[in-house]
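Enquirer: Sharing a structure with you now.
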Amino acid sequence: MSLPEPLLRADWPRERLLRHGAATLSDPELLALALRTGVAGCNAVQLGHDLLRRFGGLRGLLGTSPAELQVVPGLGTAKACVLAAVLELARRTLEEDLVRQDALANPDLVRRYCQAALGHRKVEHCIALYLDARLKLIICAEVARGTLTQAQIYPREIVREALRHHAAALILAHNHPGGTAAASAADIAMTRQIRQALALIDVRLIDHVIVAGAATVSMAAQGHL
């Protein structure tokens, strides 16, 4: 097996970033800066390419857990931890955006946040995004954790947390590990039950987002609310 060609210094991602700015670098090159070095037979840029291919691009990588990163051949604990920290900062950036922006006016931002939070989970999790009267994020909380195929959600717990956080509205999201981003009959029935429970305390259920890997679907957009 031939070794990868070494990069000329002028072509190093760090040198190009300093000269031309981070926006001029490709996704693998930006990852290379976080990784710092490659592994045997693979430079840092090639390792960045490999990670993006393995996890399905940036969106898939954003939903990757530290444990999943550690099993990548040659990546190692140190690189996995650095990369996990960078990805967590990216997730928190999405959360900051939700704190500052109207969630109803930014459905794509909501879907990206939910995918980042749930896309890598191996069992079903359900989260609730509690929103204020201006539909800005107050807090995101896990409301259920289950098995590969189901998570038991209790409407009373969601109602109690809505009251505790003085929420005016909320968005639910849960994942389908290994499945498709489509609402099941059980999903639809539970969502309507939760919506009715929240209506009793004058809290609006805006949406229920289903996540399956890098894919998301809005139950509101599909007419299920």
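Indices start at 1 and increase along the chain as displayed.
Backbone N, Cα and C define each Cβ position, glycine as well.
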Enquirer: Motif 'JAMM motif' per Swiss-Prot: which of the ranges 6-19, 90-103, 174-187 is that?
Expert: 174-187
Enquirer: Neighbourhood of the Zn(2+) site (H174, H176, D187): other residues with Cβ within 8 Å of the Cβ centroid, in order?
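Expert: Once H174, H176, D187 are set aside, the remaining close residues are E124, C126, N175, G179, A183, S184, I210, V211.
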Enquirer: For H176 (Zn(2+) binding site), which of the three DSSP-derived states applies: helix, strand, or coil?
Expert: coil
Enquirer: Going by DSSP, give the three-state secondary structure for D187 (Zn(2+) binding site).
Expert: helix
